[in-house]
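Here's the structure, in structure tokens; my notes come after.
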2 protein chains.
Amino acid sequence: MNFEIFVIDTFFEDYYNDAISEYAKRLGRYCKIKLTKIKDSSSLEAALNGKAYVIQIRPRGRSLSSEEFSRELSNLATSGISSVAFIIGMKYATADESISLTTMDLSPALNTVCLYEQIYRAYRIIKNEPYHK
Amino acid sequence: MNFEIFVIDTFFEDYYNDAISEYAKRLGRYCKIKLTKIKDSSSLEAALNGKAYVIQIRPRGRSLSSEEFSRELSNLATSGISSVAFIIGMKYATADESISLTTMDLSPALNTVCLYEQIYRAYRIIKNEPYHK
């Protein structure tokens with residue numbers, strides 16, 4: 001699976017960049033994952049390029065448990081979808097679905113860290129591997 | 001207000017410790033906040049010492065928006081409660097309430113970062129200050 005996370009271009013503290021690098025490294029054995037910062041939502045359409053299944057992350061999206069999120073990713077893969085785009089911190093009206101990591105507002109940087117952590121956790125669940133760290 | 005966050009004693013990555021230090025520093029002007037790692041839930045009762053209002057953080061707790069969470073903290077303060085204990089990563093049957101930061105499972109360290117961020121955000125909302133960072 002190819003994941004691309006599109007996040008509004010705000011300041012990312014070093015500690016959040018470090019966390020993202022660590023999860024990206026751990027995820028390397030399961031998938032391709034890329035983080036793209038976007039100036040504003042009007043640039044999104046061109047960046048998305050119509051090729052990916054688009055999931056918007058927002059507080060009022062559908063709430064999922066980690067197990068449900070892992071099943072969701074697994075189902076996408078088995079239904080032949082090879083590219084998933086996540087959108088954080090921007091409105092995008094025509095997303096395929098909206099999910100909620102939390103009903104609270106998190107900074108885009110912290111939201112991104114949580115999404116990486118959940119994708120990593122999803123693969124650990126899918127592969128039936130313990131979540132050590 | 002005095003906050004004490006009791007979290008199960010697991011490995012905290014450096015980047016999460018750095019994030020927590022940063023929020024603790026920013027929160028210094030609004031409240032006292034302390035992080036206490038606990039070996040297991042059986043040590044909780046003694047550590048809590050019966051003096052604080054106890055909020056358990058868990059995926060199946062009550063979901064709140066950031067605004068609702070800030071009102072909750074504000075209401076506790078105006079009702080004369082001066083100490084609030086949060087519990088992360090442990091079961092504690094007699095908590096005063098349970099709230100959910102996310103319906104997904106997060107590592108205790110990342111959960112702690114999100115809680116610090118939300119407490120900081122709550123104060124910015126209460127004080128009507130913009131959330132710059």
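Cβ coordinates come from backbone N, Cα and C, glycine included.
Keep in mind it's a predicted model, so treat the numbers as computed, not measured.
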*Kindly point out which candidate in B:GLY80, B:GLY89 is recorded by TrEMBL as part of the S-adenosyl-L-methionine site with B:ILE57, B:LEU101, B:THR102, B:THR103, B:MET104, B:ASP105, B:LEU106.*
B:GLY89
*Note down the number of other Cβ atoms within 10 Å of the Cβ of B:ASP105 (S-adenosyl-L-methionine binding site), including every protein chain shown.*
20
*Provide the number of Cβ atoms within 10 Å of the Cβ of B:ILE57 (S-adenosyl-L-methionine binding site), excluding the reference atom itself.*
25
*State, in Å as a whole number, the widest CA to CA span among the S-adenosyl-L-methionine-binding residues B:ILE57, B:GLY89, B:LEU101, B:THR102, B:THR103, B:MET104, B:ASP105, B:LEU106 given in the record.*
14
